[in-house]
Amino acid sequence: MQSDRNLLLKIDKQQQLINSNRPFTNENILNLKEYYRVGLTHSSNALEGNTLTLSETKVVLEDGITIGGKPLKDHLEAIGHGRAFDFMWNLAQNNKTITESDIKTLHKYCVEPENPEIAGKYRMQSIYISGTEHNDKIPTADEVPGKMKEWAISLEKRRLVLHPVDFAIQVHKELVQIHPFKDGNGRTARLLMNLTLRQDGYPIVIIPSAVRHEYIQVLENAWTNDQDFTRFIYERVDEAQRELIRNLHLTPQNQA
C-alpha cells in the first residue's frame with residue numbers, strides 16, 4: 001500500500017496530466033457533466049438508503065419518468081440532487097469562493113422537492129446521531145448559525161494554505177461534524193467537497209455505496225483523527241482521475 005504522501009504525489013502527477021490536456025472540447029465537457037450528474041446523484045443518495053439503481057436514476061433525471069415500484073421519496077431525492085448538482089457545476093465555473101449562502105443554497109436545491117419546509121434552513125433543534133460516540137461535540141441549534149458564519153468565513157484563508165484535495169477533505173468532514181441541517185447533511189457535504197474540487201480543476205469524486213460501511217467508519221474516526229478519512233478520499237480522487245484519463249484517452253503527447 002502506498003503511503004499517503006506517495007498517493008498525494010501520484011494525484012498531483014495525474015492532475016498535471018489532466019491539466020495539460022485542457023481545454024476539453026465542449027462535447028467532452030457536456031458528456032462529463034451528464035455522466036457525473038447521474039453518477040454522483042445515484043451514489044450520494046444510495047449512501048443514504050435510496051433504492052434507485054444507476055440506470056433508474058438516469059431515467060428519472062434525464063427523462064422525468066417515474067419508476068414503477070419505487071418510492072416517491074426516492075424520485076424526489078434524485079430530482080433534488082440533480083438540481084443541486086447543476087447549481088454546484090455552474091458555481092464552480094464562475095468563481096473560486098464559497099460563501100455561507102452557497103452552502104445553504106446547495107442544501108435548498110438538494111432537499112426541497114422532498115422536504116421544502118427545511119430546505120436551506122438551519123435546524124431548529126439539537127440532534128442525536130445514531131452510530132456516533134461524539135454527539136456531545138455537535139453544536140446545539142442555538143450555536144449553529146454562529147458556527148456556520150465563522151466556519152464559512154474561515155474557508156477562504158484556509159484554502160490558500162492547504163492542498164486542494166486536503167481542503168476538500170476538511171470541508172466535507174467539518175460540515176458533517178457541524179451538522180447544520182435537520183436532514184441532508186451528508187449529501188450537502190459531498191456536493192460541497194466536489195464544488196471545491198471542481199473549482200480547482202479536479203474531477204468529480206464519487207463514493208460508491210459498496211464502500212458505505214468504510215465511509216461511515218472513517219468519518220466516525222475523523223472526530224479524533226482524520227488520517228483514515230484523508231486516505232479514503234485520496235483513494236477516491238485517484239480513482240476519479242484515472243477514470244477521467246482513461247475515458248478521454250489523455251496522454252502527455254496531447255500537451256498544447
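Each Cβ is built from the backbone N, Cα and C atoms, and glycine gets one as well.
Taken from TrEMBL, the feature active site applies to His179. Per TrEMBL, ATP binding site is recorded for Asp183, Gly184, Asn185, Gly186, Arg187, Thr188, Ala189, Arg190. Under the heading domain 'Fido', TrEMBL lists 98-235. Annotation comment: TrEMBL describes Glu48 as site 'Important for autoinhibition of adenylyltransferase activity'.
Within 10 Å of Glu48 (site 'Important for autoinhibition of adenylyltransferase activity'), judged by CA to CA distance, lie the following recorded positions from the set His179, Gly184, Gly186, Arg187, Thr188, Ala189: Gly184, Gly186, Arg187. Residue counts for the domain 'Fido' (98-235) by DSSP state, with H, G and I taken as helix and E and B as strand, are 85 helix, 0 strand, 53 coil.
Of all the binding-site residues listed here (Asn185, Thr188), it is Asn185 whose C-beta has the fewest other C-beta atoms within 10 angstroms. In the three-state DSSP classification, Glu48 (site 'Important for autoinhibition of adenylyltransferase activity') falls within coil. Spacing of Arg187 (ATP binding site) relative to His179 (active site) is 11 Å (Cα to Cα, whole number). Packing around Arg190 (ATP binding site) is summarised by its Cβ count: 24 other Cβ atoms lie within 10 angstroms of its Cβ, all protein chains included.
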